[in-house]
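S.K.: Got a structure for you, written out below as structure tokens; questions coming shortly.
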Amino acid sequence: MSTTGKGGKAKGKTASSKQVSRSARAGLQFPVGRISRFLKNGRYSERIGTGAPVYLAAVLEYLAAEVLELAGNAAKDNKKTRIVPRHILLAIRNDEELNKLMANTTIADGGVLPNINPMLLPSKTKKSTEPEH
């Protein structure tokens, strides 16, 4: 038997190599494969490039991290350890860019921003400096 030919070792991948997900390759937490599948099944285009789902996953992960950080700060300001929809709403509405991005979005159980028109507040009267008799 000769050592060359079809009976040799498999070329390319070694036996010890493991599969690495596209998310891990890109250094992301969001699932690149699932986003790719959604893009293909959604019929947004006839063809989807290989970089498109990676880029979209990165953008979605960044936005989620930004909202979660601001919502965590809002929860901490209210002395809470759990983020609730109210904290997410406060985070989005108090940030200028996120508010512009999510202007037409309603968050369930989020409530509204506290806002009282200054005209409706009681007027501040000047206190006299003279002592009363």
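The backbone N, Cα and C atoms fix where each Cβ goes, glycine too.
Bear in mind that the values here come from a model prediction, so they are computed numbers and not experimental data.
For reference, Swiss-Prot lists these features for the protein:
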- 1-23: region 'Disordered' (REGION)
- SER2: N-acetylserine (MOD_RES)
- LYS6: N6-acetyllysine (MOD_RES)
- LYS9: N6-acetyllysine (MOD_RES)
- LYS11: N6-acetyllysine (MOD_RES)
- LYS13: N6-acetyllysine (MOD_RES)
- LYS18: N6-acetyllysine (MOD_RES)
- SER123: phosphoserine (MOD_RES)
- LYS124: ubiquitin cross-link (CROSSLNK)
S.K.: Whole-number answer please: how many Å between the C-alpha atoms of LYS124 (ubiquitin cross-link) and LYS18 (N6-acetyllysine)?
M.R.: 72
S.K.: Is it possible to get the count of other C-beta atoms within 10 angstroms of the C-beta of the residue listed as 'ubiquitin cross-link'?
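M.R.: There are 6 such Cβ atoms around the residue listed as 'ubiquitin cross-link'.
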S.K.: CB neighbours of LYS18 (N6-acetyllysine) within 10 A?
M.R.: 5
